[in-house]
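Engineer: The following block contains the structure, expressed as structure tokens.
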Amino acid sequence: MSLWRKIRKTGRVAEPAPERPTGEAPPEAAELRGSVQFRHVDAGSCNGCEVEIGSAFGPVHDAERYGARLVASPRHADALLVTGPVTRNMEVPLRRTYEAVPQPRLVIAVGDCARDCGVFAGAYGVAGAVSDVVPVDAEVPGCPPEPEAIVAALRRLTGR
Amino acid sequence: MNDSMYAQWLALACGAFLLAGVLVLWRRDLAAIVRLFALQGVALGAMVVVLGLRQGSVHLVAVAVGVGALRAGLLPYLMRRALDTPPPGNGTAGEEARETRPLVNVATSLLAAAVLALVAYAVSQPIVRLSPGPATQAVPVALTVLLVGFFVLVTRRRALSQVVGFLLIDNAITATAFLTTSGVPLVVELGVSLDVLLAVLVLQVLTTRMRAAFGGTDLGELRELHD
Amino acid sequence: MNVPGTLLTVALGLCLATALLAPAVPARIRPALSGLGTAAAGAVGAAAGGAAMAGHAWSAWLPDLLPLAGVRLALDPLGGLFVAVTGGVAVCAGVYGIGYARHGLSGRVVQATLPLFVASMLLVPAAASVSTLLVAWELMAITSLLLVLAEHGRRTAVGGAGLWYAVMTHLGLIAILAGLAGLAAGAHGEAFDQLRAAHLPPLARDAVFLATFAGFASKAGVVPLHAWLPRAHPEAPSHVSALMSAAMVNMGVYGIARVGLDLLRGSSEGGAPAWWWLLVLAAGGVSAMYGILQAAVSADLKRLLGYSTTENMGLVLMGLGAAGFFATRGAPRLAALALVAALLHVVNHAAFKTLLFQAAGSVLYATGTRDLDVLGGLRARMPYTTALFAIGALAASALPPGNGFVSEWLLLQSLVHAIPASGVAGAVALPLAVGVVALSAGLAVATFVKAFGVGFLARPRSPEADRAVESPPSMLGGMGLAALCCAALALGPTVIVPGLARAVGTLLPGAAPATGPVSGPVSGPAMETVTLHLSGIAGTMSPLLIAAAVVAAIILLAGAVRMLAARGRRVARLWDCGVGPMSARMQYTATSFAEPLQRVFDDVLRPETDVDVTPKQESAYLVERIRFHALVPDRIERRLYGPVLAAVDAVGRRARALANGSVHRYLAYGFWTLTGLLILLAVIP
Amino acid sequence: MSGDLMSGLIATVLQVVLVIAGAPLLVGLMRQVRARMEGRAGAGVPQPWRDLRKLLRKEPTEPRDTGWPFRLAPLVLAGTALVVAAVVPLVSTASPLDSAADLFAVTALLALGSVALALGGLDTGTAFGGMGASREVTVLALVEPTILVSVFALSVRAGSTNLGAIVNVTEADPMRVLSPASLLAAVALAVVTIAETGRIPVDNPSTHLELTMIHEAMVLEYSGPDLALIEWASAARLTVLLGLLGSLFLPWGVATAGTGALAVLIGVAAFAVKTAALGVLLAVGEVFMAKLRLFRIPELLAGSFLLALLAVAASFFLAGGA
């Protein structure tokens, strides 16, 4: 009963949906038409981006309302959500994860580290940016990126 | 109240009575067990009300209200209070509020209850055959609750679940009395209820004392007194 | 001599001829001769049984064949059913045995005994007097024992299994002998016709029933008399396992039905006591539950199948017990329905268990192991065996469109509709019985998903499994025949049900109308001919239509998906979370698969697990090796037989003190005995 | 006779189409309800259909070392769901297939689908596939007694296990729904439905944590149209089972034999409303519950078995019980 009361009192916490983001979507996204499943790969991130991704899929930003969803297996996924500079240990796994995604597949590099290794550029354990390992279709800048930016990038893929 | 309505309402009340009884075995949370017991009190009251309405006896309805108030109101209230009293010392409240490790595990006790229900049905057939009617036919229900109460008494560790087991037996006896004779005299019922009240009070005092002495109400620990 | 008589004689003659010829021919062609002879005898026997089921009764008295009483044979529809089932199994086993015997089983004794074993099993249901039955029974026991011991030189476990089997089967024989002798004494004659007319006092009648029930139940592998079954069936050569598990255990069922419902008919005028049949029902229920539970946690493929036999015999006994019980309650239609369900399950079980044991034998033949934990990956290496095992597993797990489903459906129908007719005892027993049937069906699903999924699918877990190759054509042929029987029984049970109804008619006279309780082909639209209609109660089900509908739906969906799909299939690397490669040892094994069930039924199974951690020398926190050892013992065996064996052992040790080697003492024993006897004779008037 | 057959046939076809089209919508509705109660906006009711449309156009993959069990599993799962959707009386009791399958056959068909998927999971040879299969069949085995004993309880009243007969009897005497036997059986079957369809508290359909998965662990290797079939099939099984609960215990509006087109239309509407209502109820319940630990599930199932057995008992304990 107390939970019921809490639900009634809290009501809707999701913020009103902002304008649909502009900018062109990757050509593969056209086939997905409003439903994109993401498999998240942490290629060596400091977990800052993970917190923001969590918040993007949380109730306030609610990325799920645009047809995006996180899934447990790359076989179920349409796109990879890669964070962090690609460390040497994660280079092969990232490539294999990409291979495991059925066609058509997309990759989003989330955060500055994923785009260009950020502050870790040239570090001995880093193999390179995400685009050095797998083809990247969209990027979200920021360290860490704001949830709004992540949601906007997801929306460009779902087209909603 | 026509025949089929009477039979159906009585069956419903008996069904709720039975369900509340066997669900006591399912729940581990002592607060939930007390709630189930209160629900059973309501069902018992409703059963007597149906019987009273059938016989057109205002007296029986009044008794029903009394029974309901005692079983669904006062006794659960007392048990809630016993439950809410914080244990002395730094609390093992989580341990205390749950029937964590019954002597017979929950799944097995549920299956045992199923068998008990069938046994109760089989052994009460002679009684039913004496005067078949919707009320007597429900005697197996009361008998099942009695056996389940006994089972709770035997297999549960917490003093409070034991109290509930004892009260289940009492509820079952009351139900049998009403179902077979369609009502015991008010005085007898009052006397029995007072006895029960007394027993609950004694057990509550005992529980409090046990807590003070052992810091818990696991009756298994009483064995230490023997050693 | 009429049709069934001639055919049965031909079948027995074929068996005998094969047994005599087999030792004489060279070892190279001996398996072929023996196998083909057995198969031919089986086919003729099956025809004899079929003719008897079709209503051609036959009986014969050969006074000179055995001293004192002579041999009495008769075939009625009930006996015919069991003869037919035995014959069918023998056909499959004979064909299969040709290839299987190449693995060092072409010896004279084994190849000559096989047809004799089949002959004895054809004789048991055809026996029409106590002495004939007992002789055939003993012949069956001895030949099967010889066959169980066939591989005793190769594995040490065979000897122990043989000893268990020998002791238990003879104790069973003694029980049957005692029971039937008691009945014969009361009837002043030992022919079955005389027994039927006998009037025994109630106490003697109960004793006869209990003794014969114990004896026959031990043959059927019913708990707690099952201890020999999970030992002997795995250790016997696989086609012998098939014969034992699919045909021999049925003889126990036959015996219980024959004695309880037929021979004791005269003694139980006015109805047999209901507790007999409740006892049978309870024994069946306990066997079904316990058997399938042990099968579910077993990792030995053939032991699993052996325990599954116990389960299925349990289900059959539940049907039999329910039938007897309903008959005592004056509900002949329900009784007939339950009996039809039981007999149909006998037939179904024979078909799928033959198939499964033979497929397990092929796996053993190809890999040398029966341990599911090291099998796997056989789908690619033995595609036909895999597909055939899948058919058997589908049937054994009682799912549509398998044939096991049909008989379990009938059994459930008979149990579900009986409440109003069966009084208090029924009201208590039947819901529990339904629960038991349901749980055993559910666990059977788990068991066979494990056996098939772990044993045959995915990747091999050992080099032996990796090297497996497909079996020779004769073995595939044997399995294929059994699979065909399964398919036919699954899709067209309405065809054999009238025959079963006739068999039921011999046991429950007056109960079954001429068309049977489950009238198959009735006039009406074409759809009706493939639907099982229960007369008296409203229940219908059509196995053929269900199978057709499922196949149609699958084809429809496959077509739709192909039409809508935009891209072709791609073979990809297994998803191993990107690290890989995943070794075959990372797969779930049979033990791990059964672990949740084992944990749920912890209180019943009491598994013994032992974790042994050896730390490195440098630090207690670094582990060098972890050994995990798990064993699920047969608890009933341990608790019940352990004390008995210990007591026998103690008595034996005490008895050894009597024999100390002194000749004088032995002579003294004789002297004292003689004197004692003389005194006893003098005292007794 | 032929007119009856005709209207029954039409009703059956309508029913199948309704389940095919409506099942994803039901899942969407349930997700939407959950989202709203969690304060989110939700993806909208048609979202599952968008997912399916996309999955159908994606590339199916097949891991190395897998074979026909892996390929066949989605088809069998979806095929059995389709057959069950045609057999059970959701819109009308006059289905021409009604005599082909009763409640026993329906549960066995659903079990066949689960078994196929479990074998598909085992065929991949991954640890998660085996784990999911093992748990799925364990739950399946323990659910079976509850189902069959509940069927027993329901059949006592109708004297038959055929679904059409049971629904007809209930529809003729709706007050029977309020009897203890019926209520207990309803609760028991509701628990079974939850366990069979892998909803909270038995399994969490939206979990991402492999170690707690039952159903999801078996399908980790499927992609594209195969996955679409599996997702559709689980939605269809949920729809059919909820619809069946509705027909058995709230039979109002189900068309019976010999009624006209209007009755069929009413049946369609009633089925849609009832199923949606039950789905919403289930979704709301899920918000308030946590997933049970795997080894607490047997307790839940033992409890439901007890309820089913009491339902049978109540049908002969109590005068007004049946």
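Numbers here mean position along the shown chain, with the first residue as 1.
Cβ from N, Cα, C; glycine included.
Values in this document were obtained by computation on a predicted structure and should not be read as measured data.
TrEMBL lists these features:
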- C:128-419: domain 'NADH:quinone oxidoreductase/Mrp antiporter transmembrane' (DOMAIN)
- C:6-25: transmembrane segment (TRANSMEM)
- C:32-58: transmembrane segment (TRANSMEM)
- C:78-97: transmembrane segment (TRANSMEM)
- C:134-150: transmembrane segment (TRANSMEM)
- C:162-187: transmembrane segment (TRANSMEM)
- C:240-261: transmembrane segment (TRANSMEM)
- C:273-293: transmembrane segment (TRANSMEM)
- C:305-328: transmembrane segment (TRANSMEM)
- C:387-412: transmembrane segment (TRANSMEM)
- C:479-501: transmembrane segment (TRANSMEM)
- C:544-565: transmembrane segment (TRANSMEM)
- C:666-684: transmembrane segment (TRANSMEM)
Engineer: At a C-beta cut-off of under 8 Å, are there same-chain residues at least 6 beyond the transmembrane segment (C:666-684) that contact it? List them, or none.
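Structural biologist: Contacts of the transmembrane segment (C:666-684) (Cβ under 8 Å, skipping residues fewer than 6 from its ends): 658-659.
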Engineer: Under 8 Å for C-beta pairs, could you tell me which stretch among C:78-97, C:134-150, C:162-187, C:305-328, C:387-412 has the largest tally with the transmembrane segment (C:240-261)?
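Structural biologist: If we count Cβ pairs closer than 8 Å to the transmembrane segment (C:240-261), C:78-97 scores highest.
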Engineer: I need to check the long-range neighbours of the transmembrane segment (C:32-58): which residues 6 or more away from its ends have a CB within less than 8 Å of a CB in the stretch?
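Structural biologist: Distant Cβ neighbours of the transmembrane segment (C:32-58) are 1-5, 7-8, 10-12, 14-15, 17-18, 21-22, 25, 73-77, 79-98, 101, 111-112, 114-115, 118-119, 122, 474, 499-500, 502-503.
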Engineer: Quickly jot the same-chain residues contacting the transmembrane segment (C:78-97) by Cβ under 8 Å, restricted to those at least six beyond its ends, or write none.
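Structural biologist: Residues 4, 8, 11, 31, 34-53, 105, 114, 118, 121-122, 124-126, 237-240, 242-243, 246-247, 250-251, 254, 257-258, 262, 343, 346-347, 350-351, 354-355, 358, 361, 474-475, 477-479, 481-482, 485, 499-500, 503, 506-507.
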Engineer: Could you name the stretch, out of C:305-328, C:387-412, C:544-565, with the greatest number of CB pairs under 8 A to the transmembrane segment (C:479-501)?
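Structural biologist: Comparing C:305-328, C:387-412, C:544-565: C:387-412 has the most Cβ pairs near the transmembrane segment (C:479-501).
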